[in-house]
């Protein structure tokens, strides 16, 4: 009820506030909008989008919060006893409101608590006593005391809010820096626009590629929770140094009063880049672990928790965009109006608070212990395969492949994997050449599970590579899209002007509105046609996003050409002409990135979940680096920053040509993706294509 009351009040204020804002903007600034922004349907769409988003949040919380009913409401409280006969007569059933007979509940195969023992029994003990289900998780997670995690006291939506809050704060800080860092480098550090843009994309690329390092540390040594905490602290230190760089005069050039302006010294630049480097390192440690750590809170073997896990992915994506939305609106506005000290200092304080909040949920989390480095296991498979190949080993149909005889695999925390026929060369690593089957070394003989783990990793690489082009286009949101917006009319009325760095707000708000529309309306309609429980498979969802990205960049090219053709010293194009490219890019993000979250987690094995999340994130970094490389190539082949397509003065540039190149790249990439996805084989090595990927 407190949740319901809180969100009902939020709905009332959201409805009234959005309605008032829309009427105020429509009546006061109507002349600033293109003709299609005058459509009366836009106000209810935006308003209902926010209402649906909160309604979804209420539904998820109400469906996931445990129903706690006192079993003593209609009877006397039983005396605490250790008598075993009492246990056989009655026990507490959490999902019911009274005690039931032992045989009755046993037939229903429900989980239970022993009042006489005051704790849950060990999984194997309960199994021996005849209960087929248990409240203990089956994915190897432990609680903060080190025991097997209990579904009733850990994980689920009891733990997820702490994780989501940390993600909101991290994304808020990151986007507050990313979207306005080009302006900071140009106007405060006196860098040229193309150089500033490439430095920002290089920094973003480093932050996301470092996720591979963070995933390695989490899987091999620290575990996900410790990695998130430690790298959040590193992130916070970087934010503190960045705030110092912006607030202390000696760490930046003096104000420019006489041309030419003084550029930043090497020591000033080094201090700034050191702060950004720590932030990138912190991002690299947090990002690959936080989504996997959140998914760890849901047991895949439990059908109810499995459904909640996919709901978590949607709300995790919502948290990302909410943080981005606050970062590129509120904080960018503060940076422009109150100064860089406040603009960087506020997210620093929020990061400190988020670390405290994340630590406060320690007793509610489910933890996966470090399972060793998957990269080491991958190399062992390759070495053993090559060794046996050189020794003349062949994989016959009746060949005996090595696997341990226990129920669990010999890789800590990893369940056994069945053998698949794909990539038969790697099977040579598991061929038993010793008649007694005695493994001498993992560098000479690997288990079937270890080989299959590597196969799963290889299978997703083509899908991973064929989605990098979207990251190449997405990197323009914080660079040239912002620079393009800075040359438009951003005034709302006489007293307010939208900061150029806040214009990506349109992509974020579109993503926030589209998620509930997709979940509430599109999924049921698509489900009726496809029969798929989620409407579309992960591969299909990614394909839709890649297709939309083609039109996003084409729209950007057309609008930029129109802007340059209508240059006038008396008037500028309205910033709202940029809405289509931002909306389309936000739509592409919703379909592709949520699909990737689901795909890389589902296709990963127990021991490679963090690595799989890092792969998805690293492509954003690689896309940023490719953007830098493409800018450098275009500069070098078209005449440099003075005469080429991309000049310091955007009004003399030919940015639309650059956008058309990205459009062509996205088009070719989409065709490649269709071919790769068509022949993709799932985790079990069977053909899944884009139709039945999740039905195997």
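From the backbone N, Cα and C atoms, a Cβ is placed for every residue, glycine too.
Annotated transmembrane segment per TrEMBL: 168-187 (among others), in sequence order.
What TrEMBL lists as transmembrane segment is 203-222 (among others). Tertiary proximity for the transmembrane segment (203-222) is limited to same-chain residues at least six positions away from its ends with a CB under 8 Å from its CB atoms, namely 174, 178, 181, 230-231, 276-277, 279-281, 283-289, 370-376, 475, 478, 607-611, 613-615, 617-625, 628.
Taking Cβ pairs closer than 8 Å, the transmembrane segment (229-251) reaches residues 166, 170, 173, 177, 184, 188, 214, 222, 268, 271-272, 274-286, 339-341, 343-345, 347-348, 351-352, 354-355, 358-359 in its own chain, all 6 or more past its ends. Residues or ranges marked as transmembrane segment by TrEMBL: 229-251 (among others).
The transmembrane segment annotation in TrEMBL covers 271-290 (among others). Below 8 angstroms of C-beta separation, residues 163, 166-167, 170, 173-174, 177, 181, 189, 203, 206-215, 217-218, 224-225, 227-228, 230-239, 241-242, 244-245, 251-252, 264, 610-611, 613-614, 617 of the same chain, each at least six residues beyond the ends of the transmembrane segment (271-290), sit close to that stretch.
Panel annotation: around the transmembrane segment (311-334), residues 53, 57, 60, 64, 157, 160, 164, 167-176, 179-180, 291, 294-295, 297-298, 342-343, 346-347, 499, 501-505, 508-509, 511-512, 515, 519, 590, 593-594, 597-598, 601 of the same chain, lying at least six beyond its termini, place a Cβ under 8 Å from a Cβ of the stretch. The transmembrane segment annotation in TrEMBL covers 311-334 (among others).
The feature transmembrane segment is assigned by TrEMBL to 340-362 (among others).
TrEMBL lists 463-486 (among others) with the feature transmembrane segment.
If you look up TrEMBL, you'll see 498-518 (among others) marked as transmembrane segment. Residues of the same chain lying 6 or more positions beyond the ends of the transmembrane segment (498-518) and with a Cβ under 8 Å from any Cβ of it are 45-46, 49-50, 52-53, 55-56, 175, 179-180, 183, 314, 317-318, 321-322, 324-325, 328-329, 332-333, 335-336, 477-478, 481-483, 485-486, 490-492, 575, 578-579, 582-583, 585-587, 589-590, 594.
Here TrEMBL flags 539-559 (among others) as transmembrane segment.
The transmembrane segment annotation in TrEMBL covers 579-601 (among others). Within the chain, the transmembrane segment (579-601) has long-range Cβ neighbours (under 8 A, six or more residues past its boundaries) at 37, 291-292, 295, 310, 313-314, 316-317, 460, 463-464, 467, 470, 473-474, 477, 481, 503-504, 506-511, 514-515, 518, 538-542, 544-546, 548-549, 551-553, 555-556, 559, 609, 612-613, 615-616.
Residues or ranges marked as transmembrane segment in TrEMBL: 657-676 (among others).
The list of residues near the transmembrane segment (657-676) in space but at least 6 beyond its ends in sequence, with Cβ under 8 angstroms from a Cβ of it, reads 462-463, 466-470, 472-473, 476, 480, 542-543, 546-547, 549-550, 553-554, 556-557, 560, 630-631, 634, 645-646, 690.
Highlighted: of the candidate stretches 340-362, 463-486, 539-559, 340-362 has the greatest count of Cβ pairs under 8 Å to the transmembrane segment (168-187).
Nonlocal intrachain contacts for the transmembrane segment (539-559), taken as residues 6+ away from its ends with a CB within less than 8 angstroms of a stretch CB, comprise 463, 467, 469-470, 473, 476, 481, 484, 577-578, 580-581, 584-585, 587-596, 598-599, 656-657, 659-660, 662-663, 666-667, 669-670, 673-674, 677, 680, 688-691, 693.
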